[in-house]
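Novice: First the structure, then my questions, so here it is.
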Amino acid sequence: MLRRIEADVRPQIGAGQVAAYIPALSCVDPNRFGMAIADLDGKVYGVGDWRQPFSTQSITKVFALALALAQGGDDLWERVGREPSGNPFNSLVQLEYENGIPRNPFINAGALVVTDRLQTLTGDASSELLEFLRQESGNPDVTFDPEVAASESDHGDRNAALAHFMASYGNIANPIPALLDHYFWQCSIEMNCADLALATRFLARHGLRADGTRLLPRRLAKQINAVMLTCGTYDAAGEFAYRVGLPGKSGVGGGIVAVVPGVCTVCVWSPGLDPQGNSVAGIAALDRFTTLTGLSVF
Ligand code: DON
């Protein structure tokens, strides 16, 4: 089935634009495509470039949110909302109207609040996240890409503006330079489709980690999946629900993870992005996946 999906989406592989606003991301070959499915027990099936590491970028926002909720509980929701923003992922515009409370944890402003919370809880947010991803993927080689982190930092004025603006409303607790560093390191983590499908499994397993221990109560796993469905693909979340019908989270590296609760996880990667910052071939592949299998939540 994966081979059929790859053949079906071949005309769209290479379509769209590779993210250029972070120079270190702009040199990726747009013609790459990989897809992996992990079942609940951790068996992985893949096609194409499914073992090729790529920049996870905003996909890590899901894992940071899960860790912040697992360790700090629902207090986080006093500082960040759970509604789609209808704006680009790096937009500043709603923050002033809404008193420094970002719409959701998957736009950059919301993710900065989540990383701030994780930093308060752990003292080392990005290392905590990396260790979690290594454990859940079973891959000790998952690591940061220092070149991408430095490039993000060099071109991080927009994120710095978001952090300072929220700090002016009292919604950032840690020193902003350190917070931004942890956020940029978090975005720079490199993983392949198999790693990401495996690491996302706790959301398909109703909160259970790879080793069988519980990361999250069932309620929180359900709620994170719901926020992924409504907010995981920025101002294209409605279109993603319409075409794919699964909780999903994208990143500007061209990856998307999706969850079929109680069944499996899927990760697809192809670097060409649509204007909203979501992988063109990735969305097409997930659309084919849910259409061919019927494995959508709808
Ligand atoms: O904050 C940024 O601009 C990036 N490091 C994360 C971008 C990202 O993947 C968000 N959207 N797709």
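Every residue gets a Cβ built from N, Cα and C, even glycine.
TrEMBL lists these features:
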BINDING   S58, N108, E152, N159, Y183, Y234, V252  substrate binding site
Novice: Can you check which residues sit near V252 (substrate binding site), meaning Cβ under 8 Å from its Cβ, same chain, 6 or more apart in sequence, and list them in order?
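Specialist: Spatial neighbours, sequence-distant, of V252 (substrate binding site): A19, I22, L25, S55, Q57, S58, L273, G277.
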Novice: When a 10 Å sphere is centred on the Cβ of Y234 (substrate binding site), how many other Cβ atoms does it contain?
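Specialist: Other Cβ atoms within 10 Å of Y234 (substrate binding site): 24.
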Novice: I want to check the contact list for N159 (substrate binding site): same chain, sequence separation of six or more, C-beta distance under 8 angstroms. What comes out?
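Specialist: Correct list: N90, N108, L112, E152, L180, Y183, F184.
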